[in-house]
Amino acid sequence: MASISHAITATTNPYLNLPHPAQTRSSILRLSHSNSRRVIKNVGVFAEHSNSTSTSAIDFNDPDWKIKFQQDFESRFRLPHITDIFPDSPPIPSTFCLKMRTPIGKNIPGHYSLDEEWHGYINNNDRVLLKTINYSSPKSAGAECIDPNCTWVEQWVHRAGPREKIYYKPEEVKAAIVTCGGLCPGLNDVIRQIVITLEIYGVKKIVGIPFGYRGFSDKELTEVPLSRKVVQNIHLSGGSLLGVSRGGPGVNDIVDTLEERGINMLFVLGGNGTHAGANAIHSECCKRLLKVSVIGVPKTIDNDILLMDKTFGFDTAVEEAQRAINSAYIEAHSAYHGIGVVKLMGRSSGFIAMQASLSSGQVDVCLIPEVPFNLHGPHGVLRHLQYLLEMKGSAVVCVAEGAGQNLLQNTNAKDASGNIVFGDIGVYIQQETKKYFKEIGVHADVKYIDPTYMIRACRANASDGILCTVLGQNAVHGAFAGYSGISVGLCNTHYAYFPIPEVISHPRLVDPNSRMWHRCLTSTGQPDFI
């Protein structure tokens, strides 16, 4: 994966650099598609900027700044389409119609024979509002503002769903599915629904790439033929039918394999790193003038993908985390001066720890990567645990894996995906807690629980099952509509398409000034540990 990551940093999206009649560009305000959003801490404003551009580049005295910002936003969020590379590619009537239950008609190759028009398609101009709250002040809790006055600026993203016109003939499609990174609840659900929807369109050649990107280069790994019969019941168990792995070959090798095998639709299930790889594959296909649609489905149990309400597997992780938290509570509550420490997933984002703590009602201290804390000192976590033992006799600590890494020794080691290998903050807190109470002469019974692999290997719950089903369907709709280099996700309760560069610029983080984090603090009753 290191080779893929290297290619990403040097690659821009060629689709976004090509002229298109529907594309509006602002010549005054240029905000790169690789922009990241940073929180301006002193005023609580979210700014959108590139490496050399910030909100200071916007002339707020210009009466047209708002229009120019919206034009640039529309330009950045324009979806790459195969007609950008193949302008003469003809659209054909969609073969997706829920009025018909029969396969593609023999007499009319390429589409269903319909007696009447079906009104279930999405118009290409349909949009979903990205933000729904009109903040009156940048000092409002969780305020996300463009300008210092927190002016309301409409930002729209493309609505997902089936289109009336498609750009692939189903009989000519060979679709491939690959699952990368670590396990996550719902992988099989997405695989299943992609296969089912492809078959409804009329696709006959569907394969799975085994063990992530590695399956494109390892000669010992062969394609897995997929059909509704194969995937019918795979959603009833956790894991991935195709297997997962980190790392893999370079982008050129992957695209060589796509070309050799005649794959023209690739569905990539993974997180930020995997999506970055998908974007690099998409870009290389454009350079080679290959008609291939690369569609990402955001798979991250940490819920750390930008612009999306949530990613699949997150709800299941929060629900399963309740078991570990409840066990820690019982252990702590049943012991004399018992302290239960639970470590949950969350490398850079503390959404699982926050939501699990909020929902359990049994957590006294929640520690996440976005909020720094001290273990020692008069305002540290350990002093608060001492107070809790004195007041209620027990305590439960929930900590995200990426929290407090500044307290641990940095080994500089990296995994196959290029991620820094973190120290175990849970074990560190357990050891420091025991040491602290021993030094002050107070008995403490500390229990440590790490349910990481139990959580990510389980079957998706009902909420995630629905999310996975709809994501899989919309991924296929996006591919047949001719889009590529996009990801599908839930935005303000509606499903939308996003250009991949816009959702991978950096991980989505918990805003320490958000109402949800404030609710968590209200539930735990913890103070500021700085």
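Keep in mind that glycine also has a Cβ here, set from the backbone N, Cα and C atoms.
Same-chain residues at least 6 positions away in sequence with a Cβ under 8 Å from that of Asp302 (active site, proton acceptor) are, in sequence order, Gly271, Thr311, Phe314, Met345, Gly346, Arg347, Ser348, Ser349, Phe351, Ile352, Pro507. Marked as active site, proton acceptor by TrEMBL: Asp302.
Taking a C-beta cut-off of under 8 angstroms and a sequence separation of 6 or more, Thr274 (ATP binding site) has the following same-chain neighbours: Cys180, Gly181, Gly212, Val268, Gly296, Lys299. Under the heading ATP binding site, TrEMBL lists Gly182, Arg246, Gly247, Gly271, Asn272, Gly273, Thr274.
Residues or ranges marked as Mg(2+) binding site by TrEMBL: Asn272.
Look at TrEMBL and you will find Thr300, Ile301, Asp302, Met345, Gly346, Arg347, Glu401, Tyr453, Met454, Ile455, Arg456 tagged as substrate binding site.
Feature annotation from TrEMBL assigns domain 'Phosphofructokinase' to 175-477.
The site 'Important for substrate specificity' annotation in TrEMBL covers Gly273.
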10 Å Cα neighbourhood of Asn272 (ATP binding site): matching binding-site residues from Thr300, Glu401, Met454, Arg456: Thr300
Alpha-carbon distance [Thr300 (substrate binding site); Gly247 (ATP binding site)] in Å: 16
Among the substrate-binding set Thr300, Ile301, Asp302, Met345, Gly346, Arg347, Glu401, Tyr453, Met454, Ile455, Arg456, as the record gives it, the longest Cα-Cα distance in Å: 17
Glu401, Met454, Arg456 filtered to the binding-site residues whose C-alpha is within 10 Å of Gly182 (ATP binding site): Arg456
Fewest other C-beta atoms within 10 angstroms, as judged across Asn272, Thr300, which are the binding-site residues: Asn272
Rounded to the nearest Å - Cα separation of Met454 (substrate binding site) and Arg246 (ATP binding site): 19
Model confidence over the domain 'Phosphofructokinase' (175-477) (mean pLDDT, whole number): 95
